Structure formats: C-alpha cells, structure tokens
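In Swiss-Prot this protein carries:
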BINDING   R66, S67, G68, N79, T83, I84, D85, K93  substrate binding site
REGION    139-158  region 'Disordered'
Amino acid sequence: MMKHMHIKIKKLHSHAVIPSYQTPQAAGFDLHAVEDSLIKARDRGLVGTGLAFEIESGFEVQVRPRSGLALHNGVSVLNTPGTIDSDYRGEIKVILINHSNEDFHIHRGDRIAQAVVSEVTQAVFTEVQELGQSVRGERGFGSSGVARKGHYQGKPLA
C-alpha cells in the first residue's frame with residue numbers, strides 16, 4: 001500500500017506548476033521550469049521552478065534526472081540526487097547539465113526533473129581509535145571490478 005505525506009507548496013510565480021504524479025504507482029513527481037532558459041552545449045545552468053515547499057519533518061525530497069531528457073537530449077541533474085531538506089523554505093531550483101554538443105532550450109512549463117520523497121535517518125557519530133575488520137577492508141574505487149558478481153579476488157563469496 002502506498003504511503004503518503006503532505007507537502008505544503010507556495011507558488012512564488014504565477015507561471016509555476018504545482019507538481020503531480022503521472023501514474024498511480026509513480027514514485028517521482030515532475031518539477032517544471034518557471035521560465036524560458038537556455039543551457040549552452042557542454043554547460044550547466046540553474047533552472048527555477050517558482051515553487052517553495054514545506055516538507056514534513058523526518059522527510060526530504062530528492063531531485064533526480066528525468067530519463068527521457070538524459071536519453072534524448074543528454075541533459076541531466078548535475079548534483080543527483082539533490083536534497084531538499086525539510087527546513088528549507090526557498091525556491092526549488094534544479095542544476096541541469098547539458099552533456100550534448102547542442103544548446104538545450106527550456107520552455108516555461110517544461111518538465112526538467114523528477115523528485116522523490118524519502119524518509120530521513122540521522123546518524124549518531126562516535127569517534128573511535130580503530131574500526132572493525134571486513135572482507136573488503138580499504139579497497140575501493142573499482143577494486144571489486146565490473147564482471148562476475150558475488151566474487152572476491154576470483155573466489156565466490158560465502
């Protein structure tokens with residue numbers, strides 16, 4: 001069963017579009033550009049939505065790319081996922097990056113990103129002198145390879 005939480009929305013501009021889900025089971029809702037803009041080839045830009053959110057405490061909204069923009073236009077969200085904290089009250093803006101060799105024109109009302117509501121868990125930090133051992137240890141940055149899943153150094157993981 002789908003969970004729900006309430007987001008209060010303030011329109012900061014008359015052309016702002018209130019978000020909605022496109023299908024009954026959609027996880028993400030679309031964010032729309034509030035005005036025309038241009039992102040030059042191989043450049044980035046900040047695109048406003050003309051909206052401000054009041055998100056319930058204990059939740060965040062994650063801003064993510066739209067797959068169609070990425071596939072068909074080479075345009076994505078630069079800092080993905082972008083986080084909108086529950087205590088932020090300013091305009092929701094999206095940093096888009098144009099990976100293509102052609103300028104990308106954004107028209108008022110275009111869907112520029114999608115957003116997903118997520119519950120927040122805050123960590124409690126404890127400084128220690130030593131960390132527990134693990135199979136992986138300090139190996140990172142591609143050390144697990146790209147082939148054969150479930151193996152470590154050529155041996156199956158138990």
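Cβ atoms are placed via backbone N, Cα and C, with glycine included.
Overlay of Swiss-Prot feature records on the structure.
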residue: R66; record: substrate binding site; Cβ neighbours (10 Å): 20
residue: S67; record: substrate binding site; Cβ neighbours (10 Å): 10
residue: G68; record: substrate binding site; Cβ neighbours (10 Å): 10
residue: N79; record: substrate binding site; Cβ neighbours (10 Å): 11
residue: T83; record: substrate binding site; Cβ neighbours (10 Å): 12
residue: I84; record: substrate binding site; Cβ neighbours (10 Å): 21
residue: D85; record: substrate binding site; Cβ neighbours (10 Å): 13
residue: K93; record: substrate binding site; Cβ neighbours (10 Å): 19
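Spanning the listed substrate site, residues R66, S67, G68, N79, T83, I84, D85, K93 have a farthest Cα to Cα distance of 26 Å.
In the three-state DSSP scheme, G68 (substrate binding site) falls into the helix class.
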